[in-house]
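Q: Supplied in structure tokens, the structure appears directly below.
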């Protein structure tokens, strides 16, 4: 390829067309000459390759991450540090040239001014270098040397630069290097849409060199920022909204995870609109194209072409772009960290592999949730949520900050923590934290225990143990273990790329591609073979019906199973029509993993009910997947919509949008391991040894477990004796709790607990109290339907009292109010049948 600086240059009249919002554009002629090709309306694509980089080199994903999305090789706008350094070194090299050599390089991009009739728009060296990048080694051309094109001297091309400062000359030379890089990228880039955007930027920078102006991307794309609040503000709001009630150290952990996520986004390579189109609905593609083009022009390309103004992705984009990219970016991020986990130090490994996935899952709820407050422009938290920590004054009541449950168990949820029973010594001074008195009994201590107080350090220590093979002694666990989850094999095969899942369907406009059609034929064959009583023509009609979709399971390039379904968004449910896995691939967990993927797909589309008619052989499978014969969807919503099968049973499955179904069995397994280790540690703390049982020598054959000495002190509780009556109907539970809370708030002793504690009254309250709560926050939680069981409600009431007693001296007015209120609400709980009398 010819040296870019010696390539034919565009005429001064050729202005770059303002960059428009992406729209269908004619496909340009392959590999056009950047100097003469017309500028089509650009659409987004990956970024260019540096002129100095070898062909086929790829960009990295930024610090600690990998590139998301595919792109062609060699990419300066998505550079790793080495590529950025190459561009910087090239510019430093050019700026260090003698002035005569600088004028020669700028003359290549400067129109001839010998006379008005000369249309030459760039000086052509009569002795061009024999190889690219050899121009810097050649001696500077004389100002009298004639242009190979117009035969006017170089001086006529650079006369306008005679009185220009050295700084301005260097700025123009920086644009020259960027133009050369973009020139190479236009020719190397294979994606048509990408080529168009680079070509536009190439022309824009050439025009700016010619006119000695600064580049400004014009058109209907708008100017940064494009959304408010931006991604960074939304994520920081999320951390404050979800984790502000944590202890400072744990809150800092969440903050570090958020900064790591934002850093990854700023250096992440987005997928092209063509790739996005394959997994999204048509109406979303146009919006994504606009955002993608903005990202290319304002964030991606300027990373190495610093002549263009650069903005951070998380500073100029908001919820719209994040919704488009989050699911793909999250999967690629976690996979990248999983592959490179051995390179991480143990502390970071626990943080990233254990806490980061849950952090992203919770963030996902706020990104796709309909009423998340973190995206409101005026988002604020009560003043009590500040993180400033200073010495505390006299005693104050307990209070809380609004929050929702966080990582469990890894972030502090779960078992009760042990309380110190050391002597408290003298009466605590004002401002001094109380310890438990010497004569406190075990029953008294139990009253102060509140669920969710496992120290973060203990959880991290347990997590390191269960993830360290050397520390986990005992029999080797494997996929052959009797305790392995049904979908464990399928999940591992998916991670290794052995199997793939694709949601596909027939399409008439545009016509489905050949690969999709072949997969649909394969699905038709699988369903026909596995469902012999179903007419083949009927199966073919539904599989190829554009209104139906199929989640296809692909192994070694061929279809081995799938679930055919039809979505009814207006009715709020989906009908599952066919579900089958080829016979020689069964009993491997593929069916369970298929259904879990289907559940997550529907959660993303906000459809939370499945309906299906199951024959006698399929009822067992559907029961294992959470289906029930108890139909909650009103008959009026599905009557006339779904197909009725003779001899089949209608079954329903309600989806929980908070559950990551494809990882659920893995999460439960980890939770069991954590609880088991915590129990082992608890057992090690119990020093008391009881004598052996002598009753068996006297002929007694068995005794109740609760009569074993010391069994209750270990925390054991009898099974099947659930205290209180659990209300199944959510509306009935809501009404009961609402009335109870209103009575508690109207009690004369409730006044200290009505509002969150103000930091002006107790500056260190949130340092001492790790899980604050108050009646105002309980009212907000009740209104948002947070209390799905009575246990959650009772636990918050208990914590109100426990926090007050932990913070304040026992003879304070606040503790007296707490005791009076405690007696009252326990009386009301018993009266309402919520606990045993």
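Placement of Cβ uses the backbone N, Cα and C atoms for every residue, glycine included.
Note that this is a predicted model, so its numbers are computed, not measured.
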Q: According to Swiss-Prot, which listed range is region 'Disordered': 407-434, 435-462, 463-490?
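A: Going through 407-434, 435-462, 463-490 one by one, Swiss-Prot flags 407-434 as region 'Disordered'.
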Q: Pick from 639-648, 649-658, 659-668, 669-678: which range has region 'Loop 3' per Swiss-Prot?
A: 639-648
Q: By the record in Swiss-Prot, which of 536, 549, 599 is the one labelled N6-acetyllysine?
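A: Comparing 536, 549, 599 with the record, Swiss-Prot tags 549 as N6-acetyllysine.
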Q: Which one of 188, 632, 759 shows up in Swiss-Prot with the note SUMO2 cross-link?
A: 759
Q: Between 67, 220, 307, 628, which does Swiss-Prot record as phosphoserine?
A: 307
Q: Look through 117, 574, 735, 777 and state which residue has the annotation phosphothreonine in Swiss-Prot.
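A: In Swiss-Prot, 735 carries the phosphothreonine label; others show none in the record.
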Q: To the nearest whole angstrom, state the Cα distance for the pair residue 575 (active site, proton donor/acceptor) and residue 791 (SUMO2 cross-link).
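A: Counting only the Cα atoms, the answer is 35 Å.
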Q: To the nearest whole angstrom, state the Cα distance for the pair residue 791 (SUMO2 cross-link) and residue 759 (SUMO2 cross-link).
A: 30
Q: Tell me the residue counts in helix, strand and coil for the domain 'Bromo' (728-832), as DSSP assigns them.
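A: Its residues fall into 72 helix, 0 strand, 33 coil.
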Q: Do you know the DSSP helix, strand and coil residue counts for the compositional bias 'Basic residues' (88-99)?
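A: With helix first, then strand, then coil, the compositional bias 'Basic residues' (88-99) has 9 helix, 0 strand, 3 coil.
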Q: Using CB atoms and a 10 A radius, I'd like the single residue among the recorded sites 759, 791 with the highest neighbour count.
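A: Compared across 759, 791, the most Cβ atoms within 10 Å surround 759.
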Q: Look up residue 575 (active site, proton donor/acceptor) in the DSSP assignment and reduce it to helix, strand or coil.
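A: Looking at the DSSP assignment, residue 575 (active site, proton donor/acceptor) belongs to a strand.
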